[in-house]
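Structure, as structure tokens:
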């Protein structure tokens, strides 16, 4: 039955055709060339399809064991479904109910179908949607459901179709909101498998920059809210995505995320780009072989540049779904309360890896939105110990949670614990180096944490033989040379010069009292007002002359009054400047500078150099300098290594010997006798 149409000779004679056996692909090609001539065959195959569907559903309901083992039933049904999907655009009236029948078949009998039939039906539905017989709204929920069955090939097909279809939609398409609602509602379900597939779909579309930005902020918020899902797997997947993990899926789902038709996904011949390859491409072989080699090199260069651009974009990207949180304070507090739930504070039922991810997400939220969550620093004290697993990531989270809006008293216990636990004489060199670096980063964000005695003690580590420890201590000294040199010893402050820096107090903010060059705008407004007054006087004279004329229009006078009232001055705006005002100030500055003479411009340049130190030569600054010698000067006074001394002495001895041997001899010419 699969090879032929299963028609009787009577039906063939009635349709006016011979009783030869025609395969479905041949009939499909003939229908595309002449749809009206093969309407009888179409109706016959459509009836056979309906009968096959009814038979399959009855057998699946009765759960006959022989049904699942018979491959011919499933093969006939799949072949007819694909045939009808191909010819549906040519018979829109006759096959109007076919898309809905095929959708219902996959929805109701998906579990009872064999794997091959499921894939055939899914491909037929995708073909119908590409031919615009179905829309994505009809298939999105169904394709999300069929991914939970366990059929790997069907999951890859449905997932890639959803992602590619939404990627091809326009950015301003109003259907995005309805599709997001379907996926987010499935994410909020308690079923772990469905919620996982919905989360993977959202993350993939966000990573592909399809549902990205303020227009689709509900997607980012839904991914963040998935951190509080009842399923631990959903929570871990959401935390991983928020921490910029590339792949949030399991091992069996890892190959289902990328199904693009980019050049990177195609297998490429690896070409080694070196001097020899470039020389051969330009000088060796015939002209045709040279062109092939040059084209291969160009393709390799393009792929390398493309990978470099992609890597630079991924490393410089600062986007995070946490930016779109409506209430970041509530989000951080809720996640911290889930982290702290347990018998005692600091010990939860979650694994240490999950707790670490939760700490990092909380710290990133605090640093991103400048939040105040003082209990988080107390919680971190339970883990800020050298023997803890992944202690460097915990310390990185502590640094990320510090900002200038946090009072130093709340962070001081954690800071002192890091100092006491990591930086002491009995600690390992690696722990001391890590502690010094963490102390520097915390003091960079909150300088009030450091005291004078503690800084002077930590500065003594600059003389350690371990390079990592001495480098960490020197970087700490260099930091306080810039932000607060008064805490350092005099010899560590460096050369004096310039104003002494002072750290800001807690809550101190630099506020500008006025806008630079705003007087130019005010002056131009006054000049324009004076010009308008002169114009008004002239207009009043003209108005008196033309008052009695018939051409005077009240509408024109009304438009003039409205235009006059629509131009508010700077005083009417209460000193608030718009973008137009700033643009006007910039134009006035350029206009004034263009009108200045060369002498006036030189005066402006010299006035801008008043705060600078007078230029002097290097020798003059060396003679007038105060303090010790520089590191470069000290290098000249260091003793040479023993090998260098011996080689230098050997060279001098050889040069003296050669000079001595040449000094006693003199050329006296050729002898005249034998």
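Placed from the backbone N, Cα and C atoms, the Cβ positions cover glycine too.
The shown structure was predicted, so the numbers you read here are calculated from the model rather than taken from an experiment.
As stated in TrEMBL, the feature region 'Disordered' covers range 282-324 out of the listed 110-152, 153-195, 196-238, 282-324. Checked against TrEMBL, the range among 251-270, 331-350, 351-370 recorded as region 'Disordered' is 251-270. Across the compositional bias 'Basic residues' (648-660), DSSP assigns 13 helix, 0 strand, 0 coil.
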